[in-house]
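The structure under discussion appears below in the form of structure tokens.
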Amino acid sequence: MGNAMLLLLPLLSLIMSSGSLALNQDFCVGDLARGDTPAGYPCKPEATVTAEDFCYRGLATTGPTVNPFNIALSSAFSTRFPGVNGLGISAARVDFSPGGIVPLHSHPSGTELIYVVEGTLSAGFISSTSNKVYTSTLRKGDLMVFPQGLLHFQINDNGGGGDGNNATAAMAVSFYSSSNPGLQIMDFALFANNLPTDVLSKVTVLDDLEIRKLKSLFRGTG
């Protein structure tokens, strides 16, 4: 027993010193060139860190369009904004064209708090324990929280009808409890893959024709 404790002492000392270092470290600007890890990006040497590492201007303008959902998305995750690496926070901006939607999706590693900057959105999430749906209409200045890992969505219902009259855009900013919350969009997960149609039909209870149509839309194969 005594010999075993002696062998464990160096390991315990290492763990304690590592924890102390983590607690006493002000920040860990991600070194993106060294690649991501389950614990985040390795830290840049502090001597090379500048004020610009803590600034990000990518949310100032509309991001790339995400088809076929009529939205544009720009993110400030650690993959783009290394200053948030390890700090447990990040953000994203979504611009909704009239009728635009953020389809059912989840963030495996973070809770989302959405703030409506312009327009009106219908939003909601699905409980994983009861499958109960919690929905609300969000207007300018409103907030809604989507718990970590749960499927959720946002819809800009102001499409203006068939003639497009009174159609209005919307914009929202989301904040996350992780520097890289992850993202899985259900439509892409199901129909942008190479799972054979007959297998997908069995596991989704959709007919082959509908699956082939959706695979074509989302550029899946199989």
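All positions are counted from 1 along the displayed chain.
Using the three backbone atoms N, Cα and C, a Cβ is placed for every residue, glycine included.
Whatever TrEMBL says is automated annotation, not expert-curated.
Here His105 (Mn(2+) binding site) comes close to Leu151, His152, Phe153, Leu183, Gln184, Ile185, Met186: these same-chain residues lie at least six apart in sequence, with C-beta atoms under 8 angstroms from its C-beta. For His105, His107, Glu112, His152, the entry in TrEMBL reads Mn(2+) binding site.
In the structure as shown, the Cβ atom of Cys28 (disulfide bond) sits within 10 Å of 23 other Cβ atoms. Sequence annotations record features per position, and here TrEMBL assigns disulfide bond to Cys28-Cys43.
Taken from TrEMBL, the feature domain 'Cupin type-1' applies to 57-212. Note on the domain 'Cupin type-1' (57-212): mean pLDDT across this stretch is 95.
Here TrEMBL flags 1-22 as signal peptide.
Within 8 Å of the Cβ centroid of the Mn(2+) site, not counting the listed residues His105, His107, Glu112, His152, the chain contributes Ser106, Phe125, Phe146, Leu150, Leu151, Pro181, Leu183. A sphere of 10 angstroms centred on the C-beta of Cys43 (disulfide bond) encloses 17 other C-beta atoms. Using a 10 Å Cβ-Cβ cutoff, Glu112 (Mn(2+) binding site) registers 23 neighbours.
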